């Protein structure tokens with residue numbers, strides 16, 4: 001019993017810490033107008049690390065061992081991807097690992113659907129469109145390999161969003177969990193939409209605003225997707241002291 005309470009308290013404390021960190025780094029970014037501020041970057045990565053730790057606490061409180069493992073794998077890939085993007089500045093490796101993140105979520109949400117063949121068809125269409133676009137566009141400020149990889153990632157992201165929303169009507173999760181997944185992936189999509197715009201815009205206040213929106217959407221998405229690994233009944237016990 002003590003171990004169970006300790007597990008619940010750790011989840012609650014970690015989640016609240018993430019929310020506090022969220023508002024702190026948003027304030028730092030807004031005040032300093034420097035999105036690469038060392039303190040802000042450290043706080044952001046710490047929050048992603050906490051999301052990974054929370055996923056390790058799912059244990060027997062998730063939907064299945066396979067679902068739990070997929071959430072934890074997605075969190076690990078996210079941690080690695082954010083290291084490459086936010087800390088080391090290796091964009092190709094960052095986008096590569098984020099592609100693995102989306103593949104993991106697609107597998108997770110497809111497994112929990114009653115008709116996952118539709119997801120495969122959706123991905124094939126999205127990928128075909130992305131590859132066609134990659135042959136036609138030319139962005140001189142970004143190397144070609146990164147553009148192609150980013151477009152492949154975009155097709156995975158759109159497919160992942162489709163899969164997450166599909167769990168609401170076709171999924172085997174509870175209705176509340178399905179909405180948590182869908183909202184989390186929608187915020188993830190909004191984050192990456194701003195990432196794309198941020199890298200296209202030359203500079204100025206608009207570029208800062210787009211960069212600010214990235215993490216405004218991103219961290220809530222990661223916390224929601226992490227918590228979606230727990231059954232709703234258990235989350236109620238964690239956050240409502242039931």
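Glycine too: its Cβ is placed from the backbone N, Cα and C atoms.
Features as listed in TrEMBL:
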- 13-31: transmembrane segment (TRANSMEM)
- 43-63: transmembrane segment (TRANSMEM)
- 83-107: transmembrane segment (TRANSMEM)
- 119-139: transmembrane segment (TRANSMEM)
- 145-165: transmembrane segment (TRANSMEM)
- 177-200: transmembrane segment (TRANSMEM)
- 206-227: transmembrane segment (TRANSMEM)
Checking distant contacts: for the transmembrane segment (177-200), what same-chain residues at least six beyond its ends satisfy Cβ-Cβ under 8 A? 63, 105, 109, 139, 142, 150, 153-154, 157-158, 160-161, 164-165, 167-168, 171, 207, 210-211, 213-215, 217-218, 220-225, 227-228, 231-232
In the same chain, residues at least 6 away from the ends of the transmembrane segment (13-31) whose Cβ sits under 8 Å of its Cβ atoms read 37, 39-40, 43-44, 46-47, 50-51, 53-54, 211-212, 215-216, 219-220, 223, 227, 239
Beyond a gap of at least 6 residues from its ends, the CB atoms lying under 8 Å from the transmembrane segment (206-227) belong to 15, 18-19, 22, 25-26, 29-30, 33, 35, 44, 47-48, 51-52, 54-55, 71, 74-75, 78, 105, 180-181, 183-188, 190-191, 194-195, 197-198, 235
